[in-house]
């Protein structure tokens, strides 16, 4: 069951969910479309469980299923995120750290082979 099925099973419209959880209808639509995952305060989380008349496991499963349908992934398959792009000082610091790590690796292998 996905987020839309969970909502419909509770007999609620998107507008009702949005109103009762004090969130935007766009947020509800995004949850159902798998564009975003529900992020809530603990109070809203419990309010959502009561509103949807579901268990924590059902809410987590519905959220995961909506996301998986959006990305056409198999359940449990990790999402891929683009490699962060560094610039300026961060890029130079990363290059320096990489050089030191590579140097230490070469030095360690040289010392090991001389024993």
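The backbone N, Cα and C atoms fix where each Cβ goes, and this holds for glycine too.
What TrEMBL says about this one:
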| type | residues | note |
| --- | --- | --- |
| COMPBIAS | 68-79 | compositional bias 'Basic residues' |
| COMPBIAS | 95-115 | compositional bias 'Polar residues' |
| DOMAIN | 3-59 | domain 'HTH cro/C1-type' |
| REGION | 61-115 | region 'Disordered' |
Checklist entry - By DSSP, how many residues in the domain 'HTH cro/C1-type' (3-59) are helix, how many strand, and how many coil? => result 39 helix, 0 strand, 18 coil
Next on the checklist: Return the average pLDDT for the domain 'HTH cro/C1-type' (3-59) as a whole number.
Outcome noted: 94
